[in-house]
């Protein structure tokens, strides 16, 4: 969105909030109903919960449904809760089956089941079928509304079939071909169908089909779809029978959701799910405190290590000056290695069984980094302090960088091997381990060289 | 990709590498030419540069082109360089204009211009037009091959027009409607066209059109396209004239590329661009050393701050024990705030001008976090060491958390205001600033309470 559009939006929101404070609903309604659904969606995202429900009720009915579709499931759920029974059944009916599942995942069970009851038998069956698949599976995110073709259809038959089902399907551009047992044999695009002779048979037109199993992890399938730029793929059950299709725009939606969570978790915060400015401070605190405590408890290890060397510190206080620099550099080196290896894992460039190769490469990389930083550290410290202190700092940097890179490189592989998210798991362990080990290395080297 | 498939791929690669070592090209060729293009692409990604070119030459011509399309521009460029003139002109000809630009961006200028010369006049004009737009602009990533409609076309006319241009266009599913001056008036989907009466006019069918300006930043446009799940949008010049279309799969491709870079840079490494195991260690070192040096130079500030308080440290060595814990907690709190705010910025939930609101919220959040951690720190430290030390640690945690959250929250906004990437800019500044400030706070509090 261009910047001036955003500015306008902000001004509009301020205006709307003023009107609401004055209970001037007519003006709000007039302001809103000339806007595009996407603009209203963005306005609703920025309002407080109470205002949001109010403003929503002021929208014309058709507009309201399109705006609702554009909201994230969390905000949809907030809205449904706020609106109580008012209008919610109709909103729910207007959503596609897979969008209904996104929303149901957010709603309290009682509200969810009440909404489900409001659907007619067919719609309920479709939605319930999706709900029957495991959480986080592609089954919950696929669309059960698709158009299938048969091998022996002619291109003309197939086009007629598409023509007759234009309205009901999620997409008409991707057409799976099935046999009598509903097993997927291939897929045809509408473009291929239109380019064919009328009498050509679908079996001669169809290309190989990309499939996902219905219980597969939704994120993994989405990532595969996005990486290949596939327009859609067929979702099949254990017996290769077609149960749904999954399109690129759904993949993009899942990845936005997941990436947002990943970025947060890597920064040590739980995802907020609601816009920042409308999240209460207490919730911000809750999203951060656990991780902060875990890391702080880990950091008490450094206190313990240092207290072991307290006598050394008392003798040579100057050693204390370099503690933040040394463990900071160790932490940075470890994080760099972890970032690279986590990325390579995500791209399937490496697998957990490559652990020895990764370890060797990271040790070499860390050693070379340590050599560069250590030489620099040695020269500078020797000049400012004394030769021996320079030697201690130089050697410690060398050792810490090598250890940190190795630990940072291996940690994501271990995380993957025990099936936890490498990006989230690695950070606290690297910092705790590298900090403590780095300090031990530092004081061992210092004691040896300074002979204390 | 399922795990067993990957295992098979690894075995296959080992086998191919063995054959290559033995110069057994016939077997390699036989092995490869039965595979799907996507599988061969993944195999090529994993081979060394030398092997990759060899293997590539062993592919059947048709297969070779499809494999080439699947490779990332960097690997395409490696391959073109390795193959010299051999076959490259043909490969280049087989790519779509926008894919050619991705590749040209990677190639040395001399190779690039030679390849361009090899195109016929029309193809060269299309590709050169894209190359004429600024780097990083959507102009370089859009497709110049699209099908346009006119307002007064009937649905039947329009369908016939689509039918006649099935082969040449990037997509046939999204159809911009233009006037005689090539200005975009709206857009129709093929689905809408098929659902209309034959005599209905396009102007009655078309919906509002989403556009991007050709000089807009490609990433921003891609993110907008993905967020809205738009299938395609029209790219226009300064006079609103249609110059290209941009489809969701291109958006996904750009975002994968950008996200990969962002993740790397946030971890303090330059993106590798090539698979991890085929990146030489020297290149791993180069991707990390700059950032590591910058952070180390920043960390020398902590040495300077500590040396100011060296006398205090000599008197009360126990203070040194908590240094890593305190600055570590400060760093973590700052990173958490920066992560949340950076994310909110990316989602346009906040803008740089919200800086005061963000500052207030983060100060409050940091204060509450500090209160929790500080109380805990006070109790534990007072029990193990002594009351006064506990008080120093508790109060320092409180102050450091508040400062760190405020700094971490504000830094991304400042970064955005001076137009640098918040995610990359924030980290080193937060750690340097919070480490140094935290130490100053620590020793000030210590001096006040311990009366030294």
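The backbone N, Cα and C atoms fix where each Cβ goes, glycine too.
Secondary structure counts, DSSP: the domain 'CBS' (B:142-205) has 20 helix, 17 strand, 27 coil. The domain 'CBS' feature in TrEMBL is assigned to B:142-205.
According to TrEMBL, the feature transmembrane segment maps to B:289-309 (among others).
The annotation transmembrane segment is assigned in TrEMBL to B:367-385 (among others).
Feature annotation from TrEMBL assigns transmembrane segment to B:391-415 (among others).
Marked as transmembrane segment by TrEMBL: B:427-450 (among others).
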Contact set, same chain, for the transmembrane segment (B:289-309): CB under 8 Å, 6 or more residues outside the stretch: 268-270, 323, 327, 428, 431-432, 435-436, 439-440, 443
Averaged pLDDT, computed only over the residues in the domain 'CBS' (B:142-205): 92
Intrachain neighbours beyond the transmembrane segment (B:427-450), with Cβ under 8 angstroms and 6 or more residues off its ends: 266, 268, 291, 294-295, 298-299, 301-302, 305-306, 308-309, 312, 316, 319, 322-323, 326-327, 330-331, 333-335, 338, 388-389, 391-392, 395-396, 399-400, 403-404, 407-408, 411
